[in-house]
Every structure is written in C-alpha cells, then in structure tokens.
Amino acid sequence: MELSVGCGTRDHVDLEIRVFTERMFKQLRKWFVTHFSGHSRQRARLVSKDGRCNIEFGNVYVQSRFIFFVDIWTTVLDLKWRYKMTIFISAFLGSWFLFGLLWYVVAYVHKDLPEFHPPDNHTPCVENINGMTSAFLFSLETQVTIGYGFRCVTEQCVTAIFLLIFQSILGVVINSFMCGAILAKISRPKKCAKTITFSKNAVISKRGGKLCLLIRVANLRKSLLIGGHIYGKLLKTTVTPEGETIILDQTNINFVVDAGNENLFFISPMTIYHIIDHNSPFFHMAAETLSQQDFELVVFLDGTVESTSATCQVRTSYVPEEVLWGYRFVPIVSKTKEGKYRVDFHNFGKTVQVETPHCAMCLYNEKDARTRTKLGYDNPNFALSEVNETDDTEM
C-alpha cells in the first residue's frame with residue numbers, strides 16, 4: 001500500500017515538472033521571437049511612438065531654403081536647444097564686440113587714446129577709454145544698462161551720442177527677441193503634450209456586442225485637457241484602378257468613447273474604440289492575416305491645456321505587430337474605502353486574452369444568421385405525411 005502511494009506521488013511530481021518545463025520553454029520561445037525576430041523585420045514608421053514624424057525632404061532648391069528666413073520666428077523656435085543657445089550667446093557677444101569696436105573707432109578718430117598724448121584740457125567723446133578692452137567693457141555696460149559710472153559719454157561728440165542711442169535701441173531688440181524665443185520654446189504645447197500617453201498596444205475584442213479596435217490614453221497631469229477631439233488615420237500603400245501606386249494613402253478612422261469623440265471629459269484614463277463594421281478598413285482582416293498586413297494606424301488627440309490655454313496635439317502610431325487580436329485592457333480605475341477614485345498606472349498597458357471572433361465578417365454573418373432564424377415560425381402541429389398518387393384514368 002505504501003509503495004503504490006509513493007509511486008502515485010512520484011508520478012504527480014513528474015507531471016508538475018513536465019508542465020513547468022513546457023511552460024518555461026514557451027516563455028523563452030516567445031521572448032526570442034519578440035526580441036530577435038521582431039527587430040529583424042521591424043517596419044518603417046511615418047510617426048514614431050512618441051509622435052515624431054519620420055520624413056525627410058530631398059532635392060530642395062537653394063532658393064527655397066531662404067523662405068525659412070522670412071518666418072524667422074518660427075525657424076528659431078524649431079531649432080534644437082544647442083543651436084538656439086549658440087545663437088543666443090553669439091548674438092550678445094557679437095553685438096558687444098561690434099559696438100566695442102565702434103566705440104574704439106570713435107575714440108581713435110577723436111584722438112582720445114593715450115598714444116595720441118591729448119592735452120590736459122582735452123575733452124574726450126567717452127571718458128576713460130584707453131584701448132580696445134576698455135571700449136568693449138563700455139559697450140557691455142551700455143547695452144545691458146549696468147552703468148558703473150566710471151566710463152560715460154560727454155557732450156563733446158554728436159557721433160558718440162547717436163551711437164549710444166542706436167546701441168541702446170538695438171540692445172532692447174536683441175534682448176526681447178532672444179529672451180522671448182527661449183521663453184516661447186520652454187512653454188511650447190509640444191512639451192506639454194509629453195504628459196499625455198497612449199498604450200503601447202492596441203487590442204481588438206468585442207465591446208457592446210460589436211467588434212472594436214481599442215486604445216487606451218491617459219493624462220498624467222491633474223489639469224484637464226479642454227475641448228478634446230480624437231481621430232485616426234490609416235496609412236497604407238494602395239493601387240488605383242488606373243494602375244497608379246499611392247504610397248501613404250490615408251483613410252479616416254473614427255474613434256469614439258461612450259460620450260462621442262469631441263469635448264472629452266479627460267479626467268481619468270480613457271479607452272477609445274473604433275467599431276469594425278462594413279465601412280471599416282479592418283473589416284476584411286482576420287486574426288490569422290493581421291500580422292501579414294502592411295499598414296500604420298496614426299492616432300491624434302487635439303485639445304487645449306487648461307493651465308496655459310495653449311492648444312496641443314498628441315499623436316502616436318501602431319503597426320500590425322502592435323495590434324493584439326482577442327485581447328482587452330485590464331481595468332485600472334478603482335474606488336477606495338475613503339470614497340476616492342484611484343488610478344493604477346501599473347496596469348495601464350496590461351491586457352488579458354478574451355474570447356473574440358477571428359474576423360469581423362464572421363461576427364456579422366453570425367448575427368445575420370440569427371436574425372434570419374428569428375424571422376421564421378415553427379408550427380408544432382405540422383406533420384408531413386406521404387401520399388401515394390394513383391392514376392384513375394383507364395386506357
């Protein structure tokens with residue numbers, strides 16, 4: 001008896017070890033497929049996950065490049081920080097040195113410098129300018145309005161007075177432009193949009209009896225996004241009946257929440273969805289053929305930041321490998337005992353597998369079959385009896 005019990009326990013342990021080993025190998029195979037096969041066949045994107053556009057312009061004429069200087073304000077704002085700071089420093093240092101050189105020329109022409117040995121009763125254009133270094137320091141003091149009081153312009157030279165006025169006005173213009181450009185770049189809505197995030201994957205599952213493509217989006221700030229509007233574009237290569245190949249052909253994708261797609265109450269993470277019906281470009285796709293498709297789904301969210309009243313646009317994209325068929329998102333909003341609503345961002349991108357039709361056409365064909373069945377009526381008293389026909393005509 002003890003021997004049979006021992007053998008049963010040993011078989012049970014062996015079974016658990018075999019199941020654990022198979023599960024471990026499945027996980028390792030999935031990890032290798034994701035990290036190696038996925039990278040080797042990585043698709044090209046027009047829009048990256050963080051919203052940057054992957055496009056470049058070639059063969060632009062030299063004359064067209066000067067158009068950017070017509071709108072110099074936007075051009076400066078679009079510059080990267082390293083170039084902007086280089087321009088910022090160069091503008092101030094260059095203007096100080098240039099006007100320092102002009103002040104030196106004024107002192108040289110008026111023979112105020114020590115090498116000319118001016119007489120004791122000589123009144124210089126600028127007091128205490130003895131060389132290029134002192135002229136540079138006077139230029140710096142004038143433009144930034146420091147005014148130490150050691151060097152000053154006298155009424156002896158009209159040229160020096162006009163130069164002082166011109167440098168003061170130009171210094172104000174440079175200060176206003178450069179400081180305004182830095183402040184505008186810091187407060188650009190593009191930076192505010194970084195706190196709005198989309199889920200890494202999109203999922204396809206049933207919602208409300210309909211097959212839908214779902215995406216989760218969240219605002220990490222407590223300030224609301226006013227007047228939110230969400231929509232999408234499906235980008236793919238198509239061939240027209242005339243044989244023309246259109247790369248990046250755009251198809252509108254309508255996304256909604258339960259209250260619509262405009263004026264969203266964006267106070268907590270939302271799950272937006274696109275209904276896959278007969279008008280949807282996803283209608284003829286199936287779970288088995290989804291990964292073989294060649295498309296890019298770009299999702300846009302427009303709105304106004306409540307704290308700054310600045311409009312912003314957030315965008316991301318999904319390729320077929322990032323669309324999970326037969327999954328749904330894990331709930332992340334709960335209510336505490338104190339009556340507060342809590343959002344658990346640990347589950348923001350987590351999904352669970354659910355029972356889902358493997359194609360939208362199958363779901364709608366099933367619904368049509370059920371509808372046709374409901375239109376029929378059964379008569380339980382109906383009975384089919386065979387009747388033998390006889391020919392009563394005598395020949």
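Yeah, the Cβs are placed from backbone N, Cα and C, and that goes for glycine too.
Unlike curated records, TrEMBL annotations are generated automatically.
A quick note: this is a predicted structure, and the numbers were derived from the prediction, not measured.
Annotated features in TrEMBL:
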DOMAIN    47-189  domain 'Potassium channel inwardly rectifying transmembrane'
TRANSMEM  87-109  transmembrane segment
TRANSMEM  160-184  transmembrane segment
DOMAIN    196-368  domain 'Inward rectifier potassium channel C-terminal'
Averaged pLDDT, computed only over the residues in the domain 'Inward rectifier potassium channel C-terminal' (196-368): 86
Secondary structure content of the domain 'Potassium channel inwardly rectifying transmembrane' (47-189), with strand meaning DSSP E or B: 89 helix, 4 strand, 50 coil
